[in-house]
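Everything below concerns the one structure shown next.
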Amino acid sequence: MFKPEKIVKIEVITLTRFRDTLLTYLHEIGVAQLEEVPIKEVQRDTPNEFYRKATSYSITLSRLVDTLKQYLPPKKGGFKEFMFPQEKPKKKYKYKGIEALIKDVETFLERVEPEIRSLESEVSRINNEISSLEDTLESLQILSNLNVEVEYLRGGSFLNVDVGLVDREKAEPLIKEISDVVEGRVHIVRKDIGARTLLVVVSLREDSSKVSSVLAKYGFEKIEVPEGKGLPRDLIPIYTEKIKEKEKELEEVKSRGRKVAERYYDELVFYKELMDNEREKGNYLSYLVRTEMTFGLLAWVPEKDVEKVVEGIKKITGGVAYINISEPSKEEIDNVPVKLKNPEFLSHFEMLTEMYGVPKYNEIDPTPIMAFTYSFFFGFMLTDFVYGLLLGIISALLVKGHSKLKDGTWKFAKIMLWSSVFTMTLGILFGSYCGNALDMAGIKVPRILDPMEQALTVLMIALAIGLAHLFTGYLLGFIVRWKNGDKKGAIFEQLSWLLIIIGITLFALSSRLGVPDLIVKGIFGIGLILFMIGEVLANKGMAVLLVISDFFGFVGNWLSYARLMALALATSGIALVINILVEMIWGIKIASVPLGALIGILVLIGGHIFSTAINALGAFVHALRLHYVEFFGTFYSGEGRKFEPFAAKREVSELEIET
């Protein structure tokens, strides 16, 4: 807690024949972050033919999965599935090496791929035929405006026939220009259809190029005349029936596709996951160095997992391995990957810290402080017992439903569960139960503070909380800088603000505490002098401008905590409006039917659910902002390098490694 997980560096050199099994072992336990070995004049490892095949088969399997996915029955989904998702069962695979795995995949694909490709090809063919028939049907519907049999619209040995559409305003000049170009050797049938005009242009074969040139000039859209004989309107039922037959044929093929998906989809996903993980392993081979008989790797490993890693390496290699374990050097500190370490009941708040950025290896992890202050700020802004209870119930259900998955939803729900406790507690202190609903119902509610009637007091409390929050940040910054040897920064950039905040606090409390003015002014003055010296040392000629800018920046950050009061008032205000609206319509009756009461109950429940949602969203965003902008700005950079282990991603598969 407060410090990241202790990380050590492991360097391994062993025989090349152990490479595949060793990489697979490290990939499956997922506790080591592989790094590129920092040696320039050395040969790098490269993917062999089996890893290249894994990449190719990963792509092939992905396409086959996408093909069959469309034939699966629709997922149940819905609210229940979101709240209580089912964990996918995992199928075991005995891993005997990548060569054996590739052979198994090839055998599987030889059996499955032709059938799926055939299905895909057949569906594509039928869809193309249906599309072609629909185009023909559309053409017939247009041509049915002419009382001309289709065989006369195709032309012949001596005559050329062009049938198509043109914008109505272009029809007249088009007809005139064609007639002029071919010197009247043309016959044109015209039929206006709304804003378009249907034209049949009959010309001599020898004039076809001249006619085509004019038609193109006016944007003539040619219509392909369908096969068959008779009037277009007589052919429409025939083509409609053909489309129905093709759609029936397509449905039969899709029915077969559903059976194929039922047989093979799960296996495809299983082998795809196996290939995806082999593909990822292959991508890391360039991190390794090798000779003709040996290879070397470098990894960062949490200290608590070192024993497991070393035991696995020794077991796989039979002890034929050089293993060097060392702590990060001073030069490596900034490059050490950071894994946050907090008690289980705080670990879910790491998600909020990581959203901003992890600390450097030698910096403080703000998660424990953020866990309390974030939940408190959230509760202060939402500040209603019933709203907190509703949020807590939903969060508890999500925590239970996602407990096996331990996914992002589970972490977020745990954060909201903590926040709901603070919301209910502060709701009791402020006497807020759906706003003033109980007061309006004639029930006297005890409260320490009413944000609607004592807004100025709530504002003073919010600013006091903000000052304490900023003080904590500067104090943490002072500790980190002093410990890391940056004493100048600790004094001029952190201690200066600590003294200024102490001076402001003593000034505000001087009348109650009886602190002499000399002490108050002395502490504030020393802080201000240190701050100004720090600005001069850091910015030289620009110091005068930046002193003013940075000081008022601090004041702005402090005043930003007024949003605690503002959102608390907003929550109470929205709840008050809902309650007044319910009171206004409650007494309405129509023929002795208490319609107002029925509508009032709906408005009361729906309104407060909406108020909970909108105000919880505001509390979530603004509580984050107070940490990311105001609090972290005092001491925290978030410029660390997150620990990203070399780890398999498994949802449906599980490896049993044979060494």
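Note that Cβ sites are derived from N, Cα and C of the backbone, with glycine treated the same way.
Marked as transmembrane segment by Swiss-Prot on the basis of sequence analysis: 376-396, 415-435, 460-480, 489-509, 518-538, 542-562, 568-588, 590-610.
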Range from 415-435, 460-480, 489-509 with the greatest count of C-beta pairs under 8 A to the transmembrane segment (568-588): 415-435
Contact call for the transmembrane segment (415-435) against the transmembrane segment (376-396), three or more Cβ pairs under 8 Å: yes
Listed stretch, out of 376-396, 460-480, 489-509, 590-610, that has the most CB pairs under 8 angstroms to the transmembrane segment (542-562): 460-480
Best-contacting stretch, by C-beta pairs under 8 Å, relative to the transmembrane segment (489-509) and drawn from 460-480, 518-538, 590-610: 518-538
Remote residues contacting the transmembrane segment (590-610) - C-beta distance under 8 A, at least 6 residues beyond either end: 386-387, 390, 434, 437, 575, 578-579, 581-582
